[in-house]
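Below is one structure; the comments refer to it alone.
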Amino acid sequence: MLMLRLFTVKSFRIEEGVIFISDETPSELKSQFLDSGLILDITDKSFEEIFSTLESQVFLFMVDVTCTRSYLGLLNSLSLALDMIYLTLSYETTEFPYRFFIHNTENEEVECLSAFIKYLKVENYIILSSSNQLDQIISESLIRITQEHLYSHITYPEGLTQSVAENIVGRMIKAKGIKALIIIDSSDSLQTIEKAMQTKNYIKSGTIVIYSTRSFSSINTNGTLKLKEYMSENAENKYELIFYSLINRLAKVQNYIQTTLKSSLNKENLKISLSAIYNEDILYTITNVKNGKNVPVGKIIKKTLETKNIEFLVNITDEIYYPGNITEITSMKTKIVISIANGTHDPYNSINFPGFAYMYLGASYAVSRSNLYNEIPNFYIELFPTDCGIFWYDPFWYQNCYKPILDSMGIAILTSFYGNAIQGNIFTLRTLSRVIPQISPLGVDPALDNKKLYPELVKLETALKNYIYSKITTIMSLGYTDIIYIASNETEQLKQKSELSKTIIISSGMKIVNDNDHMYIKYNYTRTDFEYYADFFYYIKNTRCTVFFLSIFSNDMIIEALYDVGLRKGDFFFIFTNNVVRDLDGVEETYAIKRKELAEGCLILSYKEYVGDLGQKIQNELSQRFGDINYMCMTYDTVSVVKEAVKYLLSIGEDYENYDKLMNAIRKNKFEGCLGNVYFDKEENTRASSQFLVQQIVYNTTTKIFETIDISYLDRFSSQIFTLLNPYVWPTDSAPPNYRPYNPCPFDNYQIKSSSKGKEALYIFSSFFVILCLFSCIYTYFRSQKHINPITDKQIISLDDYAFFLYFPLQFFQIIAMGPDQDAYKHFVKNFQTVFSFDFNLYFNFTFGKFWFLFYGVFGFTIFWIIECLVYWTRLGRSMKKLWWTSTFAEISRVIVIFGGHIGFMPIISMLMNIYICINSIGDNLTDTYLKQDCKTICYKDNHKTMLVLSTIVLLLFIPLAVYYRSLWENEQETLHIKTKTSYFLLLSLSQVILAVLNKTLKIYNQNIHGIVCCCIIIAMIIITILLKPYNYMRATISQCISLVTSLCAILTATIFRNFSNINIWIFVEVFSIIIVLIIGVLIMKRFPQLLISEKGVDISTLFLFQFCKNYKRYIKDPKSLKVSNNDEKYKMIESSKSP
């Protein structure tokens, strides 16, 4: 025994002391003192017996190792009687001048522990002590000193079982998140406690464990700290510890006598020295377990100040390494590590995609927010980033990526967004025997829904079938019944997904338009495959269905292909599964244009985020920190899933690091998160219920970028499925129809563009005909009779007079037909007013064959009219009237000439001018234009060119003839009393040609301007009518004014109200104004005498037969019924005047 030998050399020997033992002294302890001067068993011995034994011998000190306090009184008496100090194992609080302790006192141990705790700045700790009396005394004393920083005191019985120890460590310490633990244990139970800490994985990086123990059954765990009595650090058991402590005391005494007292060794000096070293001494050595060995790193010194106060100083002489091989502890809270797959690279760094990492900022915020609000008391969460893959899985890469970080991954992983990467994480961690719960914001792979195949996974997305049902529900809510379905079926998994989608679509009542041969496309289709699939996409286009359901990898490539085959805005309706707005940019402009064209107006069905008060609060907080916060709510709740499960386990004292318990808590737990109520399906890995947000892609004309607007919330399991937020905003002002209208044209609508050359040609022809009419009017003016005789006496009104007055209402309809579109009449009488204008193409809007049928009819009639006109006004016409068998034909010709030249003047010109309306084109040349009424007819070539030439010739003949002979027809009506001034007829003809031309030119450009110009022309005609008084009968002039003013009211109202949405106001104003004009006109008319009167009893049918029948005498009635028989001579005179 090195210490003993050293002690002996210095002439202070253990033989100079007497050792007291008892029947409670262990034999192992007795063996430590075999070299002592005297070992005396004082069991059952009296004072006298012991005194008599000792008084005859010379000893310097006594040592009490009886291991019981029952002999302290006896020893006190002996020490007084023998004037000899004694050192004892038993602790006594009362003071006695001859009694000293072998070990440091309980009070000294408490003060040293307190000083060390303060030095380490431990603010929240648990005292764990055995039920041993000494341990309890020390624990209670320490509590009194450091109560403000104490979390709890746990006492365990000596001889506790392993299960009890694990329950204590797991439920009462680890579950509370306390990182600092003070263990005070002198019993043999310490090893059980340490095994429990290992089992429960309590001692980890950042934990502080301090032992104050005289037990030698402990396990040396790296990073733990121990207080050992000075100079007894090498003791291998508690008996050696006692002996070493005694020798330590004696050695210090001898040193004090020699160096301080500088005297010889005797009883008095021994007593003085022991008193001195107890006031100022090195009490403990601080050891730090490094590599399984206790390494001294400092001392705790007791020092008495001049003020007689005692302080305990901690002197650290070497670096302290805590568990985890760290030298500094920054937080006394327990760290919960959660891995997060927020990397940006795929295997071998083949792809760099920062999108998912940005979305996972929501998870980072959830962690910082949880820590800020101390949502898990005594714990804080820390994310451990990984970057092993985001889209696809490579086993070799994944294993090499995960191996170095396995021990740092924590209790769970916020796994990838995408299916293959999620599978890669699962398979790799299984291979590396590191199975932990995995939480995905999405998953995007229905195969991962299988709970049996992937028990360690949960996803915040709903089951695929629920998502598809929600999509179809949204589509059907817009009234669509038919759909185009495009999917991939290259693998068994894709086939299952495809069949699921088809089944849901059909079971919902929708019809899939395309057949099976045109339903499937390769999963990874790219734009380089377009040529191979061109026929496929043309087939899709030719179905004319606008509603799509796409189930392939790259929807944007399909959109580009549909654009390439001719689909444009309004031809494509699709519900995207994510925020596609960010994909509309970031590509070459050539491709971005295609995507934007078709994507505008489409919908986005995404998971409704930020639900409830908590969700709204988080949304506001995230919006202040980030721009785009889509999917951040879902990533936020990936943290919430783990956090809430941990909180639940901590509340019941379970181990949150136990995979089975944590996974079970995750699956069964229900909590309110950013997404609202979050809980998982019992049979699958998906969220049990989800709400969806319906958004629409719109183009902001101010910012020139695409945005989304929230349209509605969708909850299929709610009593109200849709909660509307905003109205739809369609790029074509209305929702796309289920089917595109049939396009009979040999080209697509998107190819159509305005043709400046076609318009120039139209303007040239129009100007030419106006000039032609003008010259015809001038010529006619100088060749015609300008004087008319007014009607001064009452005359019997004839059928011709009735026909004359009929023209005024017909003129009203003809004029308004040339003006802006009369939406009021279209709404009220379905545009029937245009029938009375005799411009039937305006009413029926004939196209293609029907247009040509009507055009050829008018064209033929015009040619016939020209011939009839030429015949009627020549000698041949007059000869025909003389013959009985041709007189009827002559009368019919007269009616045709009158009708065509007067009433049909404007409709014929309007109809024939349609041949010049080639204002749109599919190219840059004039010969690339097409006829407005027949897009199959290419202008200025082939048949159109022929008809254009012929129509021009016909109009060259018709306009001059109609203008010239229009003023002469009144003179041909023997029974017509009303006459018109030639100058007025010419102005009326010119204004009608101008109106017809404006209808074909200016109206196409701008209906408002067109309406204003038409109003100006009509106002001019009203003024001219009032000034010229063009008729020889004042009531006819007033009727003309009424016709023109009502036309003005109708056109002016249409011009003003066409930009207003309320058609009812339009109708009311127009009808009211016309009625007012009619009432005023009638009142004015009554002020003038009625000079044309009808005889009583004469009906229109009789007048008609009398007018047009040669043998009128056959129809002369009784004078009482028809008083015209006496006019026989008059009509004979009229007929004779027709003879040459």
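Glycine is treated like the rest: Cβ placed from N, Cα and C.
TrEMBL assigns the feature transmembrane segment to residues 1040-1057, out of the candidate ranges 536-553, 1040-1057. Among residues of the same chain six or more beyond the transmembrane segment (984-1002), those with a C-beta under 8 A of the stretch's C-beta atoms are 762-763, 766-767, 769-770, 773-774, 776-777, 780-781, 814-815, 817-819, 905-906, 909-910, 913-914, 916-917, 959, 962-963, 966-967, 1009-1010, 1013-1014, 1017, 1020-1021, 1024-1025, 1028, 1030.
Residues of the same chain lying 6 or more positions beyond the ends of the transmembrane segment (946-964) and with a Cβ under 8 Å from any Cβ of it are 765, 769, 772-773, 776-777, 779-780, 783, 859, 862-863, 865-866, 869-870, 900-901, 905, 908-909, 912-913, 915-916, 939-940, 986, 989, 993. The listed stretches are 761-782, 802-820, 1063-1084; of these, 802-820 has the most Cβ pairs under 8 Å to the transmembrane segment (1040-1057). When pLDDT values are averaged over the domain 'Receptor ligand binding region' (436-692), the model yields 91.
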